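K.L.:
I have a structure I would like to understand better, so I am pasting it below and will then ask my questions one at a time.
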Amino acid sequence: MSTKPAIYAVIPAAGIGTRMQADRPKQYLTLAGKTILEHTLNALASHAAISEVIVALHPDDPYFTDLPVAGSPWLTTVTGGNERADSVLNALRALSDDSWALVHDAARPCLDHEDIDRLLTVTDRDDVAGGILATPVRDTMKRAHAGQATVAHTESRDDLWHALTPQLFPTGLLRQALTDGLAAGQPITDEASAMELAGFEVALIDANPANIKITRPADLPLAAFYLQQQT
Ligand SMILES: Nc1ccn([C@@H]2O[C@H](COP(=O)(O)OP(=O)(O)OP(=O)(O)O)[C@@H](O)[C@H]2O)c(=O)n1
Ligand SMILES: C[C@](O)(CO)[C@H](O)COP(=O)(O)O
């Protein structure tokens, strides 16, 4: 009888939230009674398939240890890096090769269990190495003239998707792909970018658009609304 490999949640939470322009990194802003990071941790830790959660924190983070969740037995912290990909790689170094890493932005607190369930189906597929949550592009897409706010042309939106997180891959493959991609100086803005560069097939799993990334102040009331809908 074969046993299922362990699934570890990896949360890059070492960003400083430049675009949010708040008095602290956005993952420590409070929404619906909890910090954004606590909502994210709860969404992952409460899922039965996830064994443990690894959080990458900024080296000078003064906030995390004050959270009630700090010190939980299912939680490990590591030090993050200069870019998101460096933070993820530091967390992956704490995991065994034969596990799966489910990487999810701290800044996406509105994740629901149905989406995690749909993503986990990729572990049973032979046609892909892993997969990501994503939403099909809905608006008309414009390509601007380089560095300008004028339209060069309209791009076809056929087969265009927004990449969300979580993104789920075998830990050993993802660690190697990120290491190689970073060493080659490639832009690695998500885990799938590294896996694509390494030649792997990645599944797109149609996701709930409520799983927004909180980036700018205008995203906060929308995320608060989605969190209230979940309760
Ligand atoms: N060196 C970094 C940079 C980002 N992140 C994390 O990656 C996720 C997505 O990044 P983003 O939304 O860009 O967050 P920030 O980098 O904090 O925001 P900004 O780009 O506006 O500074 C966030 O959970 C952020 O904490 C990280 O762990 N390590
Ligand atoms: C990983 C990601 O959430 C996919 O949409 C996104 O790329 C991370 O945000 P960033 O602003 O690119 O760091």
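Using N, Cα and C of the backbone, Cβ positions are placed for all residues, glycine too.
From TrEMBL, here are the annotated features:
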- ARG19: site 'Transition state stabilizer' (SITE)
- LYS26: site 'Transition state stabilizer' (SITE)
- ARG157: site 'Positions MEP for the nucleophilic attack' (SITE)
- LYS213: site 'Positions MEP for the nucleophilic attack' (SITE)
K.L.:
Check the Cα-Cα distances from ARG19 (site 'Transition state stabilizer') to the recorded sites LYS26, ARG157, LYS213 and tell me which is shortest.
P.N.:
LYS26
K.L.:
Write out the long-range same-chain contacts of ARG157 (site 'Positions MEP for the nucleophilic attack'), meaning residues 6 or more apart in sequence whose Cβ is under 8 Å from its Cβ.
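P.N.:
Spatial neighbours, sequence-distant, of ARG157 (site 'Positions MEP for the nucleophilic attack'): VAL137, ARG138, ASP139, THR140, MET141.
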K.L.:
What's the CA-CA gap between LYS26 (site 'Transition state stabilizer') and LYS213 (site 'Positions MEP for the nucleophilic attack') in angstrom, rounded?
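P.N.:
So the alpha carbons of LYS26 (site 'Transition state stabilizer') and LYS213 (site 'Positions MEP for the nucleophilic attack') sit roughly 11 Å from each other.
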K.L.:
List, in residue order, those recorded sites out of ARG19, LYS26, ARG157, LYS213 with a Cβ under 6 Å from any atom belonging to ligand 2.
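P.N.:
Among ARG19, LYS26, ARG157, LYS213, near ligand 2: LYS213.
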K.L.:
Tell me, by DSSP, whether LYS26 (site 'Transition state stabilizer') is helix, strand or coil?
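P.N.:
For LYS26 (site 'Transition state stabilizer') - judged by DSSP and reduced to three states - the answer is helix.
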K.L.:
Within 10 Å of the Cβ of LYS213 (site 'Positions MEP for the nucleophilic attack'), how many other Cβ atoms can be counted across all chains shown?
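P.N.:
Counting Cβ neighbours of LYS213 (site 'Positions MEP for the nucleophilic attack') within 10 Å gives 17.
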